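What TrEMBL says about this protein:
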- 9-337: domain 'Kinesin motor' (DOMAIN)
- Gly88, Gln89, Thr90, Gly91, Ser92, Gly93, Lys94, Thr95: ATP binding site (BINDING)
- 576-610: region 'Disordered' (REGION)
- 577-608: compositional bias 'Basic and acidic residues' (COMPBIAS)
- 692-719: coiled coil (COILED)
- 753-790: coiled coil (COILED)
Amino acid sequence: MLEEEKVIPVRVALRCRPLVPKEIREGCQECLTFVPGTPQVILGKDKPFTYDYVFDPCTEQEEVFNTAVVPLIDGVFKGYNATVLAYGQTGSGKTYSMGGTYTSAQENDLNVGVIPRVIEMLFRVMKEHADSVVTLKVSYLEIYNEEIIDLLVPSHDKSPINIREDPKGDIKIVGLIEKVITDAVEMVSSLEQGNSVRTVAATAMNSQSSRSHAIFTIIVEQRKKSDKNEVLQSKLHLVDLAGSERQKKTKAQGNRLKEGININRGLLSLGNVISALGDENNRTGFIPYRDSKLTRLLQDSLGGNSHTLMIACVSPADSNFEETLNTLRYADRARKIKNKPVVNHDPQAAELQCLKQKVQELQVLLVQAHGGTIQLGNSVRDKRESDPFTTQNALRQAQLSKELMELDKVLVLKEQLARKMSQSDEPMYSQYQVNIQNLEAEVTALQKEKEELVSLLQNAKKDTNTAKVSERRRMRLQELETEILQLKKKVVEQSKVVKQKENATRTVDKLNHDIQTLKVQRVQLMRQLKEESEKTRQWKAQREREVLQLKAQDRKRRYELVKLEREYQQQSNVLRRKTEEAAAAHKRLRDALQRQKDASSKRKDQNRGMEGMAVRVKTWLSNELEVQVSIEAARRPLNSLMDDRKLLAQELASLKEKKEAKLPPSKLPRRSFTLTELIESVEDNPSLDKHIESLESEIELRSAQIADLQQKLMDAANEEKQKNCWESMTTMSEVKCGVKWLMGELVSCKVSHSQLENEIEQAKMDIAEIQKSLLEEQRLRVELETEQQQQLLEWGQRHQEKVSQHFPRTRLTFHMELFENENEIQRLKYLCDENQQLIEEKELYKQVFSLTRLILMFSLQCSCKGRCANKQCKCRKQRADCGEHCKCDAEHCRNRISSVLDAFNDEGSDGSFKLDDPTISESCFFLPLNATSDKVCLSNITDLGETALKLTRKPLTVETEAISESFTKRKKKALLSANTSFFSGCTPIREGLE
């Protein structure tokens, strides 16, 4: 009984998935660090979290199941309820871990999740419980837009499903089908049937995002064969929650947005329940289970009768830092929940057993009423006395039978060993017999050979008399062989002479044939020489054309290089600006936190009376508001840095693909390369490598800045501080003072907002006028280019006419023409430079507009009533000048600079202006609440009363007009002269001195 009432906490397993290809392409870095050997994880640099189980990205599905889920299955067959709950951000791997998309085709897959492994283990354990009759039932439901849908029922047969509570407090689902299962295949088919109709849709973060919460329930009923009245009934809930979403990241619209809202609403209710259960100071004891149908269904799993395991799935990417932090805090609160699991007996069987016991008691009373009290008491006493002896006897017999079985096993093993030994002796004996017979046969053969040798020796002794005759015959035979060898040599020599004569005849014929062949080849070579010379001439012409093309490409590349350098300079300026912006936000956040800390310490030391209450509340609210604004202001550069890193990662990936595409394969057929290909292959690879290295270094820099900002934001947005920030306001008077001050601040912010909107509209109008002027200048440039083309065509026609007439020309005339043509080329270059300058001015105006809009968005003004002479002024505190939008008195303010307007007007009289680089000054470029001194200049630029930016061309002076007029006259005279030709230097006509 004590074991059943034991209180156990909810177990939490943290599982981290690896980085997905999309995150790798965007350059995301891991923000989680795992401590080997301990169930601990560190977020960022120094934020540790400890859980019951921690699984890193390299952990397999089988290890997760065996470590965390298997103990729950064992408890289910003991009569305890169990719940496996998967929670996490969308796209963090919940459905993968739970195996919610499992099909029968994945039976041998090693990456299946929890649900199919649970099914396989249930039927395996059922076979081990042979002393019980086990019945399995399953149900499968989903909560979609706060509606319960039965996934095991066809859509046309669906009826409304309601949640009810029985008199004992247990949750009942009315209308939900519980399907009886006989084997694993049938249970898997039920799972597939539910998965096929579950609501799934694609979002920007996950192509297969679950749009509902799904609960797969397995009901296990066990009935003992020996005692059919003893029935255990337990439930195993396998919950796959939909992930928490942010509309900014999922890009959800329409139905997807509505689904995301309902999902977050259910998860919020679940979080409130977990917070209430884990709060040790919850005096009321109220748990908001009824706020959502999800929490209502999980009432037993959270703080009730169940062994519960939460699998918290997180993403390691730093782009999901805040969602990961929320999930870790969520899981940490869940560990504080205490459950009270008990063994679940079947209520009907328990009631039947109670009724039987009552019947026996009534029968005993009936017997006592009829006078059979003594006999019944004696029989009961004898039964009680005999029970210990019977039990002891049964235990003794069981022990003896066990020993007998062990002896039988030992006996069988020894018999097997003896049989093996006897079987191994017989082959050895037979082998020895065969070896002996073979040796005896060899001895007999040797004896026979010995006898034969002896007989041969005796025969040799008898033939010694005939040896002399054979020696004479042998000598005669040798003489005859010598003569035969000499005759053969003579025959060979004669045949050699005949062959030499034949070879000489063939050689003469061959030489005659070669002479004819060489004559033919000579003719062919002469013809081929002519062809090769023609090909060489064509090849040389082609190479010259390639050289010209290379020179054109070189000019083009130089232009692109200048363009890239300009773009690089712009990117460097943007990077410097964003870096300074992040540093300023970082510094401002640190200062705000320090001021908040100092103010809280002062608040504790001050008197809590009514005196100075308004000042105290105003100071506290001002510090809290500044801290929150600093946190939000720090998030802007964080998002900007992430977007920049994403673009850089995409560019890096494209460059790597380009480099891999240019690398030659390992084996290629030999071929000849042109000069252009060789030069491009030599020049492109070093530039690509340098560009890749620079991009990698920039990505590392941005990742370090992102990690630093995320760490500061995590430290600032402390959960306990946010929870206790309003506890200092304990009276209604303090609340009224705070609301009054906040209302005043809200009104002032609204007024400032409207003023800024007006200024932005005015800036847009100015930009429109500038763009109109730029379009006009572009039109003029096109007209000039067209006029130049027409002049070139006219000059070409005149040149052709003059060449056809063959007018005599002198060298002096040629030099004059050359001089005039060079002047014309210089004028054309001047026009091209002027067009380029107009384009750069257009880019400058665009930067001015973006800079103006940025400063107008984030700038706030001071509202001092004094002279702005100390650091109580916000502008002076941020080392900035007061502007015309500040609420301080302009006549008495000592923090204004009036010379900026005069300087701007002086420069405007010349028809041009100069925009200084704000990053050169010592002040920070980006201050979210206060602008730098450049804001005065920019506000004057956008002011209607001062001046409007217009693109005007500088008027020509008297000297410039005279030079231009004389230049035009000379050009006209040169064009009308009969002895003038623009292309004279290109013609091969000989010229002589007159």
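In case you wondered, yes, glycine gets a Cβ from its N, Cα and C as well.
The local packing around Gly91 (ATP binding site), expressed as other Cβ atoms within 10 Å of its Cβ over all shown chains, amounts to 26. DSSP classifies Gly93 (ATP binding site) as coil under the three-state reduction. In the predicted structure, the domain 'Kinesin motor' (9-337) carries a mean pLDDT of 85. If you draw a 10 Å sphere around the CB of Gly93 (ATP binding site), it holds 22 other CB atoms from the protein chains shown. Long-range Cβ contacts of Ser92 (ATP binding site) within its own chain (separation 6+, distance under 8 Å): Arg17, Gly243, Cys313, Val314, Ser315, Thr327. Long-range C-beta contacts of Gly88 (ATP binding site), restricted to its own chain and to partners at least six residues apart, with a cutoff below 8 Å, comprise Lys94, Leu241, Gly243, Ser244, Ala312, Cys313, Val314, Thr327. There are 26 other Cβ atoms within 10 Å of the Cβ belonging to Lys94 (ATP binding site).
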